[in-house]
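Look at TrEMBL and you will find 1-449 tagged as domain 'Major facilitator superfamily (MFS) profile'. Annotation comment: TrEMBL describes 145-165, 177-197, 231-254, 280-301, 313-334, 340-368, 415-443 as transmembrane segment.
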Amino acid sequence: MCVESDGCDIEGCSSSDEVRTLSGSMSPGLMPSPDLRPCKPGQKFRAALLRYRSMPAVAAGILTFGNVLNYMDRYTVAGVLLDIQRDYSVTDSQAGLLSFSSSCCLQHYCLFVLSRGLVGIGESSYSSISPTIIGDLFTNNKRTMMISIFYLAIPLGSGLGYILGSGAKDAAKDWHWALRVSPLLGITAGALILLFVPDPKRGDTHQKGGRMRTSTSWIYDIKALLKNRSYMFSSLASAAVSFAIGAFGMWIPIYLFRAQVVQKIAVPCTKGICRSTDSLIFGAITCVTGLLGVIIGFATTRFFRKKTDRADPLVCAITMLGSAIFICIIFVVAKKSIAGAYICIFIGETLLFVNWAITADILMFVVIPSRRATALAFQSFTTHLLGDAGSPYLIGQISDRLQKNYTTSALWQFLSLGYALMLCPFIIVLGGMFFLATALFFLDDKEKAEKQ
């Protein structure tokens, strides 16, 4: 039994437990007394709410659910991009602008682009703050596992976005409905975050029994981060990953559809509902490869940390370089074999997704706890700015420029987009080089953070 602050008896607690009162203080569990009265349903709910707010796993699970919805909402557009291009008669570069939530402004393309752009504000804030909360709730290998699960939401949510977009469009026979499901789920996630996710003290789990250093100004933190070589190189590497994933997420289903038109196993979409097969398959592959990538990343870093203290950046570098090889092969085999292209996509994405959670863990090692929120916000900003914010548009722009030089045909639409996407493997190789540079300075920066 436990006693609430107003003298009522809460069921389900042992006499040795502690209970958090409604005022926020901790009171020791008391033995049941005949003078106590049963709690009212509202009081029991509030007591249970406070009890769940003190459970780190609950907070991490809700934050991960919110991250899934962020990316699911973002990639529903990619799942119906063929329909959007047909209805608005837009070029590849104009379609690329949509990668940055409203479904009520769809009559005018400019308003549609603006409404999609607003998604980036909430997503950037959420993706910057959530990992710092998880980092302050857990330590060591458990922190690595929880952050890995959180970043699993990126490929999982992206894949579900394709599936949701295509599925809702086919069910309603109208692609507009693809954008009207995730907002309702987002409201649910927001309510759960308000109710169950606490705001832990920065670095509290790392300094139990000690004192946190005084917080410094934002300008001072930025200057310190710019001097942190491991942080800067890993942030640039993360931007390279984001560039490739943003471009691939938007354009690969379209590229594979054009490949099938060239092979004469599909016809161009000129009326009605465009086929969703490629989006569904690509979405399923993204979900599976995301799960595999995070599991492989978590397992390999734990294993190789026993061999070398530089395991985290080295694993990222090797998997990125391996990913570039298979992504290059996609553009070789797609013209002849769609199945072969999907196999290369599966392997390439798996290797690319290995480093998502590891990058965040590198940051946790080399940045002091009181500076992590700023570090993650700045990293998120640079990752999006240099990565997926512009890569879909850039790929579309290159594709359009190539198409203007020749007579437009199904074959040239396919080839021009493929030539534009060939930029991605080179960016991935550059990212691998940045991770190798991170490995050179990782131990020194980690030691400096531990001393501070």
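Cβ coordinates come from backbone N, Cα and C, glycine included.
Note that the coordinates shown come from a computational prediction; the quantities given were computed from them, not determined experimentally.
Sequence-distant contacts of the transmembrane segment (145-165) (same chain, six or more residues past either end, CB-CB distance under 8 Å): 60, 63-65, 67-80, 130-131, 134-135, 137-138, 175, 178-179, 181-182, 245, 249, 253, 279-280, 282-291, 293-294, 297-298, 349, 353, 356-357, 360-361, 364. Only pairs six or more apart in sequence are counted, and the transmembrane segment (340-368) with the transmembrane segment (231-254) gives three or more Cβ pairs under 8 Å, enough to call it a contact.
Contact between the transmembrane segment (313-334) and the transmembrane segment (231-254) is supported: at least 3 Cβ pairs lie under 8 Å, counting only residues 6 or more apart in sequence.
The average pLDDT the prediction assigns to the domain 'Major facilitator superfamily (MFS) profile' (1-449) is 78. Ranked by the number of CB pairs under 8 Å to the transmembrane segment (280-301), the listed stretches 177-197, 231-254, 415-443 are led by 231-254. Long-range contacts of the transmembrane segment (231-254) within its own chain (CB-CB distance under 8 A, at least 6 residues past either end) are made by residues 75, 78-79, 81-82, 92, 95-96, 98-99, 154, 158, 162, 225, 278-279, 282, 286, 313, 316, 320, 327, 345, 349, 352, 355-356, 359, 362-363, 366-367, 375, 378-379, 382-389, 391-392, 394-396, 417, 420-421, 423-425, 427-428, 430-432, 434-435, 437-438, 441, 445. Residues 92, 229-230, 233-234, 236-241, 243-244, 247-248, 251-252, 254-255, 258, 309-310, 312-314, 316-318, 320-321, 323-325, 327-328, 331, 334, 352, 355, 362, 365-366, 391, 394-396, 398-400, 402-403 of the same chain, all 6+ positions outside the transmembrane segment (415-443), place their C-beta atoms under 8 angstroms from a C-beta of that stretch.
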